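**Q** Provided herewith is a single structure, encoded as structure tokens, for subsequent inquiry.
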Amino acid sequence: MSRFKAVIFDLDGVITDTAHYHYLAWKQLAESQGVHFDHAFNENLKGIDRMGSLDLILASAPRSYTPEEKLALADTKNLHYQELISTMSSNDLLPGAVEALDAVRRAGLRIGLASVSKNAFTVLGRLGITDKFDYVVDAATIARSKPDPEIFLRAAQELGVAPADCLGVEDAVAGVAAIKAAGMFALGIGHPFVLTEADVVITSLQQFNLSAY
Ligand code: BG6
Ligand code: MG
């Protein structure tokens, strides 16, 4: 039994470890522009859309960039990222991810995906789990990146469920903030010291227990 009517999952870093591929692609791009890049800085980029992430990186660059140069750099990063994800398969599902999705389904709740990644449909396809979602938000139709609640509110609306009846699952600080701003219950995947706004934090979906929240 669950007090919720829907569960809305983030993708990168929750269902699969693409967060690591984003890290590698951004690191190469940042260093090509003379910007130091490490895991601590990358934490600020999780859940932030492509151009927003690029702006945060280039804020530390020694020079300024034209809008055309920025678009070219974003394309370079994305091509590298797409190369990294091109060999993904169901082997890249994080432990507990399929079990969590199946548990939500068995409990009769609706299932949504709220990722700001424009590669989300490709990644879901490579993982072989597209059919497990009732609704996947198309990031190309979202105007404001997390921490804005827009993407979670859109998912709830399309699933036909009130935000207060939704459980959101996120690994990013910005993502947890988006869930809370949407008026939902936030389940964090990661460390409580980092995801301080989350209602509950677990280390991975292996610990997912719908009836406990
Ligand atoms: C988010 C990731 O899910 O998607 C970010 O956490 C990433 O790291 C963002 O930048 C945008 O992804 P994409 O695939 O559209 O460049
Ligand atoms: Mg994420």
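For all residues, glycine too, the Cβ spot is worked out from N, Cα and C.
This is the feature table in TrEMBL:
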- ASP10: active site, proton donor/acceptor (ACT_SITE)
- ASP12: active site, proton donor/acceptor (ACT_SITE)
- ASP10, ASP12, GLU170, ASP171: Mg(2+) binding site (BINDING)
- 10-12, TRP26, 45-50, SER53, LYS77, 115-119, LYS146: substrate binding site (BINDING)
**Q** Distance check, please: Cα of ASP12 (active site, proton donor/acceptor) against Cα of GLY47 (substrate binding site), rounded to an integer number of angstrom.
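**A** The separation of the Cα atoms works out to 8 Å.
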**Q** Please go through the binding-site residues ARG50, GLU170, ASP171 one by one and keep those whose C-beta falls under 6 A from any atom of ligand 1; give the result in sequence order.
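**A** The qualifying binding-site residues are ARG50.
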**Q** Checking the recorded positions ASP10, TRP26, GLY47, ARG50, SER115, LYS118, which are within 10 Å of ASP171 (Mg(2+) binding site) at the Cα level?
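**A** Neighbours among recorded positions, in sequence order: ASP10, GLY47.
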**Q** Please list, in sequence order, those binding-site residues from TRP26, ARG50, SER115, ASP171 with the Cβ less than 6 Å from ligand 2.
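**A** If the test is a Cβ under 6 Å from any atom of ligand 2, the answer is ASP171.
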**Q** From the centroid of the CB atoms of ASP10, ASP12, GLU170, ASP171, the recorded Mg(2+) site, which same-chain residues not already listed sit within 8 A by their CB, in sequence order?
**A** PHE9, LEU11, GLY13, VAL14, ALA19, LYS46, GLY47, SER115, VAL169, ALA172, GLY175, ILE189
**Q** Rounded to the nearest Å, what's the C-alpha distance separating TRP26 (substrate binding site) and GLU170 (Mg(2+) binding site)? Just drop the number here, would you?
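**A** Cα of TRP26 (substrate binding site) to Cα of GLU170 (Mg(2+) binding site) measures 20 Å after rounding.
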